[in-house]
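*Asks:* Mind looking over this structure? Questions follow.
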Amino acid sequence: MGKNVVVLGTQWGDEGKGKIVDLLTDQAAAVVRYQGGHNAGHTLVVGGKKTVLHLIPSGILRENVLCLIGNGVVLSPAALIKEMGILEEEGVPVKERLRISPNCPLILPNHIALDQAREKKRGNAKIGTTGRGIGPAYEDKVARRAVRVADLVRGGAALEEKLQEMLELHNFQLTQFYGVEAVKFEDVLALCNEWREVLAPLVIDVTKVLHDYRKEGKAIMFEGAQGSLLDIDHGTYPYVTSSNTTAGGVSSGSGMGPLHLDYVLGITKAYTTRVGAGPFPTELHYDAATDTGDAIGRHLGTVGHEFGASTGRQRRCGWFDAEILRRSVEVNSLSGICLTKLDVLDGLDEIKICVGYEDVDSGCAGSSDAVSFESLKPIYETMPGWSESTVGLTSIDQLPANALAYVKRIEQLIECPIDIISTGPDRAETMILRHPFSA
């Protein structure tokens, strides 16, 4: 029987999920995206060639792997069609390998306009969204006014009525509250009619396909976007995304019940990063634009190429935080960890790990909001670094002694086994200690 494996991020996103999903799909029959939208950026490097995906599952480069977009994803037809075109130019038969749930809510031009107008109005208090309409699209989903893929495929008067109702509200907000131009109904309808021709042949009952595969004993990979600390419920609210990025989102976003999930792999950087606003207790402040700030922060950002795959924004960098990782392990019921970018720490004289916090407000214990995080002072444990290169190593026996000690200490602190170690961006630059599909 094939196993069903979940791959998700345990930090604030950008942990290296795309590479690992791509690597592990050699044993999968299908790969599923179950939440988020095109705010994700998953980078794959195969044979030295770089591919960045935002919506399409990372298994798309594999032959004989079905790629599915589940109902929990908010789907931008414009972004998807653009991404399909780029891949098709590279010879990837996307239309043969990709299928979409009819229940995905659509991201339309009015959602993007709202998202960007809100961020602008917030000024210095902005959340740091990608401005791509993700949040407003999820709002419409919860408010039961979303236009979904099924509506797009049906077209006709029913689609027009839904668009009119949505735009009436959104345009009132845009013009009367935010003071920007309205989005024209005719323009949105014309786009929908264009998109229908491309997307209609790809629509399928994703949940049924998943259960058919399960009954046939085929292995399935569930690919998460963003990271657990950006979860709408468990993240540093309000500096979060609008979906459930933790393991619970798999079932609601795909229709695969939790008892059918066999293994949950948490992708975790060997240090910590965050892009955009929000609290970050172990941050080492560095500004790439002016080349000023903490030297270690500069090292992590420069050597780790810490710029967002979706936005190009500089990622904030800091020491590994074992305290927040313990919470991710628990919330996601992780089976194992994949530790990425260990090679970025090469050459550092010493390395710190946050093992706890000072002055935790017991009255807010368990709260994951931004206010609770802002006052936290990390308690660090210092470990010796290593001068040897770990780039491209494929066996744990090859690791320098201090690097191995660092890996083992993380395992002890987070109480979860490290099953995979990534030592570079390419598929081949990986140590697989325990394969999720055979665990």
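Cβ atoms here come from the backbone N, Cα and C positions, even for glycine.
What you are looking at is a predicted structure, and each value in this text was computed from that prediction instead of being measured.
From Swiss-Prot, for reference:
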{"type": "BINDING", "residues": "13-19, 41-43, Arg315, 341-343, 422-424", "note": "GTP binding site"}
{"type": "BINDING", "residues": "Asp14, Gly41", "note": "Mg(2+) binding site"}
{"type": "BINDING", "residues": "Asp14, Glu15, Gly16, Lys17, Asn39, Ala40, Gly41, His42, Thr130, Arg144, Gln226, Thr241, Arg313", "note": "IMP binding site"}
{"type": "ACT_SITE", "residues": "Asp14", "note": "active site, proton acceptor"}
{"type": "ACT_SITE", "residues": "His42", "note": "active site, proton donor"}
{"type": "BINDING", "residues": "Ala309, Ser310, Thr311, Gly312, Arg313, Gln314, Arg315", "note": "substrate binding site"}
*Asks:* I need the CA-to-CA distance for Arg313 (IMP binding site) versus Asp14 (Mg(2+) binding site), whole Å please.
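*Replies:* So the Cα of Asp14 (Mg(2+) binding site) lies 12 Å away from that of Arg313 (IMP binding site).
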*Asks:* Among the binding-site residues listed here, Lys19, Arg315, which has the most company in the form of other Cβ atoms within 10 Å of its Cβ?
*Replies:* Lys19
*Asks:* So among the binding-site residues Gln226, Gln314, who's got the most Cβ atoms within 10 Å?
*Replies:* Gln226
*Asks:* Any idea what DSSP makes of Leu342 (GTP binding site), helix, strand or coil?
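*Replies:* DSSP assigns Leu342 (GTP binding site) to helix.
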*Asks:* Out of Asn39, Thr43, Thr130, which of the binding-site residues is least crowded by other Cβ atoms within 10 Å?
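*Replies:* Fewest other Cβ atoms within 10 Å, among the binding-site residues Asn39, Thr43, Thr130, is found for Thr43.
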*Asks:* I need the CA-to-CA distance for Gly16 (GTP binding site) versus Gly41 (Mg(2+) binding site), whole Å please.
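*Replies:* About 10 Å separates the two Cα atoms.
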